[in-house]
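Undergrad: Right, I'll just put the structure down here and ask away after.
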Amino acid sequence: MHLKKYLLKGLHRLQKGPGYTYKELLVWYCDNTNTHGPKRIICEGPKKKAMWFVLTLLFTSLVCWQWGLFIKTYLNWEVSVSLSIGFKTMDFPAVTICNASPFQYSKVQHLLKDLDALMEAVLGRILGPELSQVNATTALNLSIWHHTPLVFINEQNPHHPVVLDLFEDNFNGSASSSPAPGRPCSARRCKVAMRLCSHNGTTCTFRNFSSATQAVTEWYTLQATNIFAQVPNQELVAMGYPAERLILACLFGAEPCNYRNFTPIFHPDYGNCYIFNWGMTEKALPSANPGTEFGLKLILDMGQEDYVPFLTSTAGARLMLHEQRSYPFIKEEGIYAMAGMETSIGVLVDKLQRKGEPYSQCTKNGSDVPIQNLYSSYNTTYSIQACIRSCFQEHMIRECGCGHYLYPLPDKRKYCNNQEFPDWAHCYSALRISMAQRETCIYACKESCKLLGTSPPLPPCLLPPVSPQDWIFHVLSQERDQSSNITLSRKGIVKLNIYFQEFNYRTIEESAANNIVWLLSNLGGQFGFWMGGSVLCLIEFGEIIIDFVWITIIKLVALAKSVRGPPPTVAELVEAHTNFGFQPDSAMPGPDAGAYRREQNPPIPGTPPPNYDSLRLQPLDVIESDSEGDAI
């Protein structure tokens, strides 16, 4: 009951309004505010009123302008960067090592036999008929060649370039690999390009190269990708270099280690790779001292004699230092350690800590990125490299109908190959150079808020070439092959030293350049300096604004009521106060009814009764209390 009464009073108060006009509110505000200036407008003479009005308006505008600048600066979400450097006990970084050759040629030769024979014929044609050693009667598998051939482009006439196939009689369907003698074009006078066709050869494009070496390498890699994409992953792993053959010796600090301390992982570009101190199943190993004696020492055998001849142009190891539980994108971020060299890597860990939203578009774990992370099956942390490659594979599947061999596959999808997807090479080439695809993926992917990097390695040193040092290779040969003879070639050995430098960490951390405290301090400083105001002055101004809005709403409601219908007439008001349901009491029948005179009813008033409450000089509750006192 009390709540209903309270709410009813509140409703009546809202309907009544402040009880002032606009002018009265302004005069009240100027007379009572603590802000300097407004009070002088109503207390001075006409000239001073005008002067103080102009000054107050000027300084108010100046304060608003300064406030706008500070708010704009704050909303730019600028950051300041702090740099700290030193040495402390840290987890030793994960080290991924791979052989530059992804497979052992002795195990993949049966898969690449036709491709290698065709490659030799191509090289013979490019080198020229006089240098070609290709047997003219050798039969080749020209299905590979017809699908994606290499061509000469003669641009002696730029307006009418001539496209010439490397094998002239291949146009007639002949299986002969003999180059046409006396062809008017060679690699010295013409450009070598790759012809990519789709829709049964009706739509073709040419991918040009500045060097015949690049053209042949790209062509061979594309054909090898088609072959390996059709081989099960278990067979590919068996064709790579096993850990016990690759890793000859291992030492971490004062503790010996071996290939069992490395986690195997298959990389499409480099075959079997091995990760030391990955931290997936075991705790990461720390390092508390700088120098080579407290780092990781490795001796690797590259097995250079078993390299795939046309697939690999570098002899050595590919390695990468990265954070624990992160996927090694070794092709993009790795470095080479050349065979026959000793390479030392002094590690300086760079840690970058970015501010999140709204200061930057970084992500903490990739959950807010709209791209499916295809590398999540490795149980690794998010990285922008993983996102960009997942995005490319997504576009590849959508545009070409199949996935590329170099990237993980989503469920229920297949890798591209010439048999099932004959147009995939043309589609892949177009997608690879598409700027729209790149911009889409770069826009969708976000950088990680935490990044870790390492410093570049020191220049490599040659391994000892003199004969007194052959005992090293004798011992290594005995340990690996149980042979008293040297079975390891000095040219195929890689020695690595990975250790912390004297300063092993460098932290780059972002912090907010302008926080909310900075903003409020500057806003209050400007308001106090130019107008002598404070937060309470702003509350007073807010109060007057609320009253203005209140009065305006009441006026609008009254205007709406007057528009909907005319005001009630006097007759309607009288009718409203007339009680037509009133009937006089009839006399009760009785023996002495005639003895009494019939009581006359008073006439019904034709005007509404007066509002007697308005005639009282005191409130109703005061009168009632006085009457109660008299009664007592």
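Placement of Cβ uses the backbone N, Cα and C atoms for every residue, glycine included.
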Undergrad: Candidates are C362, C387, C391, C537. Which one does Swiss-Prot pair with C449 through a disulfide bond?
TA: C362
Undergrad: Tell me, from C387, C391, C400, which cysteine Swiss-Prot puts in a disulphide with C441.
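TA: Matching partner in the record: C391.
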Undergrad: Among C402, C427, which cysteine does Swiss-Prot link to C416 through a disulfide?
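TA: Its disulfide partner, as Swiss-Prot records it, is C402.
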Undergrad: To which residue among N99, N141 does Swiss-Prot attach the annotation N-linked glycosylation site?
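TA: Record lookup, Swiss-Prot, feature N-linked glycosylation site, residue N141.
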Undergrad: Under Swiss-Prot's annotation, the disulfide partner of C98 is which of C273, C387, C400?
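TA: Swiss-Prot annotates a disulfide bond between C98 and C273.
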Undergrad: Sort C445 (disulfide bond) into helix, strand or coil using the DSSP assignment.
TA: coil
Undergrad: Between the disulfide-bonded residues C197, C257, C362, C391, C449, which lies closest to C402 (disulfide bond), Cα to Cα?
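TA: Closest recorded candidate to C402 (disulfide bond) by Cα: C391.
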Undergrad: If I take the Cα of N141 (N-linked glycosylation site) as reference, which of the disulfide-bonded residues C98, C197, C273, C391, C449 has the closest Cα?
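TA: It is C197, whose Cα lies nearest.
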Undergrad: What is the interatomic distance between the Cα atoms of C416 (disulfide bond) and C400 (disulfide bond), given in whole Å?
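TA: Distance (Cα to Cα, whole Å): 9 Å.
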Undergrad: Tell me, which disulfide-bonded residues from C250, C273, C400, C441 are within 10 Å of C387 (disulfide bond) if we use the C-alpha atoms?
TA: C441
Undergrad: In this structure, which of the disulfide-bonded residues C98, C190, C257, C273, C391 has the fewest other Cβ atoms within 10 Å of its Cβ?
TA: C257
